[in-house]
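Trainee: Here it is: the structure, laid out below.
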Amino acid sequence: MIEPFGNQYVVARRVYSANDFGEEHKKKERRHKTPLDHLKQCCSCSTKKAKRIALSLFPIASWLPAYQIKEWLLSDIVSGISTGLVAVLQGLAFALLVNVPPSYGLYAAFFPVIIYFFLGTSRHISVGPFPVLSMMVGAVVVRVTSTTSPTGGNNTSISNDLDSSSDEQKVMVAAMVTILSGIIQLLLGVLQIGFVVIYLSESLISGFTTAAAIHVLVSQLKFILQLTVPAHTDPFSIFKVLESVFTQIQKTNIADLVTALIILVVVSAVKEVNQRFKAKLPVPIPIELIMTVIAAGVSYGFDFKTRFNVAVVGKMNSGFQPPIQPDPKIFQDTIGDSFGIAIVGFAVAFSVARVYSLKYDYPINGNQELIALGLGNIFGGSFRGFASSTALSRSGVQESTGGKTQMGYLIIFKCICCLCFSQSVLAALALGNLKGMLMQFAEIGRLWRKDKYDCLIWIMTFIFAIVLGLGLGLAASVAFQLLTIVFRTQFPKCSTLANVGRSNIYKNRKDYSDMYEPEGIKIFRCPSPIYFANIGFFRQKLFDAVGFSPLRILRKRKKALKKIRKMQKKGLIQVTPKGCICTVDNFKDSDEELDNHEIEELDQPINTTDLPFQIDWNADLPLNIVVPKISLHSLILDFSAVSFLDVSSMRGLKKIFQEFIRIEVDVYIVGTDDDFIEKLTRCEFFDDEVKDSIFFLTIHDAVLHILMKKDYITSKVSTSQVPLLW
């Protein structure tokens, strides 16, 4: 019964053990589905289920009939043109990261959009090239082409043939990696295991993308400075590239450098204006397009290619090329890299999609996103594109220009293909889109204040990705992140609880001043699962909390009991109505004789039934017999945060319980559910001695039970009155 009084309440109920509560409040019988039931449900067919599956596979069928032409079409057209122009320019720029001709960036910016339009569940993300993925694909391209390129003598014709086929080979590798990563994403989506992205935390993604931005920055130096830098893909490659750049710094093309710096400064400044005044600007200023057209016009008008030896992209092929033929050999050599690309691409796209789905209140499906991205990559790779995901900056343009759906993506990609770009211009555009990722360094301070482990994950992910490269760095980062989870559970922050303000609330006794700890009762809390890796740590922390080792106390008592028996047999101890009297002033016994006995015998329960008197181990014992005195009579273990136990931990708990019970310390377990209790009581490792431990609903129930058991309070006193009596 609960009686409210203003902002206070009085609770009057009986003290519940787990058994008492179960007898008074019967649980409902519930039938849990078996694997066979799930299989039958999966294989069953109905009109409603078929419609649901069709709508989930083709989300366009759910929103297209409800498309509001008058309200949305104009904004989608404006958004599609703005976002499309940005996507085209980013595709051209990010193609340099993949080490393929920039014209292939158009394919990467175009084909995945078509597939995502029909299959994607997000209405706002802009699918296309992403610098991190482009960098990862580029690393694979360099590695594979450097190990498979044929070598020969000084034959000029062979050299010319190699030069002409080098780009085709790089395009082939990039396309195969894209197709394979798409196949992996498609399989993950079909198998409904899109949850794999949960193993990439926000801290890991932030640190990884920041490191990737550094890789992008370093990789673009050769285009900005127009230097010949050999490709490196092994660990420490970023340092080798920097070494190569600085050793050739005197060969810098000043025209390329000045052009790139001007464009970089202008693009960064205008992007800042777009960000600060996005509420007042009807459409973000398309600075990438403006600067690209101006730079292309200036370069062509003043003939930079001839006068200053500026490297230009040249004329790009118009139209589409036929689909590419898969190469199983490249699949075999790049499957590990493709898996990492598939996971990172999905993680980034899903993270951005989730932001907009929460903002505009519509659902997204992780598994369907995998299918859409996977088919988009398969389709794009087949037409010589490279891996796609999404970019927050591009999606921001899509959303800020009023885009309501993916409809606007059907109205893009036309007139850019005939311009003549400078490679330094594209490199500057690529660097101009890195500001958001480079600003993530500010995350370090925020994470340090909030969670040291997350901050460490960010830093180590950044270091791994910088030193080991993006592929190995991602694998090492995931392994390190999982290792931190093991550390958190292996070394939990156990605490001793006490009563706060004489109420039924129990908190860490170190955190508050007005604390009350019932005499002879210790309340110990473990805030993590107990398993094979932390059972030893749990044991040590528990012994530190109570202030002694129960096994040591037991062995001391067993040794003392042997001495008492010897003295009793020799008649040196006499029993009187007032107690036991020792008839001698001293008694010498060999400690060596006791130490030579079997350890197993010392660990057995104490049996004093053969003695004509009872031994009070906390009282003064006969001469020369010293046993540590303990005031603890009850131990309460708060297992409300213990989610599971394994076999090793149950063995360890059994031993701990036995040790305390054998020195006359009662053990109580609180905060567990019925399944947990059933697992403990039915476990083969727990004998009757340990099964007598009592389970209670709450800490307060256990404390009240102990106080009534020790006759400190009467059972007639209500729960609300007990704190006043303590």
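Just so it is clear, glycine is given a Cβ too, placed from its N, Cα and C backbone atoms.
Look at TrEMBL and you will find 77-98, 104-120, 132-151, 171-200, 252-270, 282-302, 339-358, 370-387, 407-434, 455-483 tagged as transmembrane segment. The domain 'STAS' feature in TrEMBL is assigned to 511-706.
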Trainee: With Cβ-Cβ distances below 8 Å as the criterion, list the same-chain residues six or more beyond the ends of the transmembrane segment (132-151) that contact it, or say none.
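Mentor: Sequence-distant neighbours of the transmembrane segment (132-151): 94-95, 97-100, 162, 166, 169-170, 173-174, 177-178, 208-209, 212-213, 215-216, 219, 231-233, 237, 330, 333-334, 337-338, 340-341, 344-345, 348, 386-389, 437, 469-471.
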Trainee: Any chance the transmembrane segment (370-387) and the transmembrane segment (282-302) are in contact, meaning at least three CB pairs closer than 8 A with a sequence separation of 6+?
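Mentor: These two stretches do not touch.
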Trainee: State the residues, same chain only, that lie 6 or more residues beyond the ends of the transmembrane segment (171-200) and have a CB under 8 A from a CB inside it; answer 'none' if no residue qualifies.
Mentor: 98-101, 104, 137-138, 140-141, 144-145, 324, 326-327, 330-331, 334-335, 337-339, 341-347, 350, 365-371, 373-382, 384-388, 478, 481-482
Trainee: Which residues of the chain, 6 or more past the ends of the transmembrane segment (252-270), have a CB below 8 A from one of its CBs?
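Mentor: Tertiary neighbours of the transmembrane segment (252-270) are 223-227, 285, 287-288, 291, 295, 299, 304, 308-311, 422-425, 427-429, 431-432, 435.
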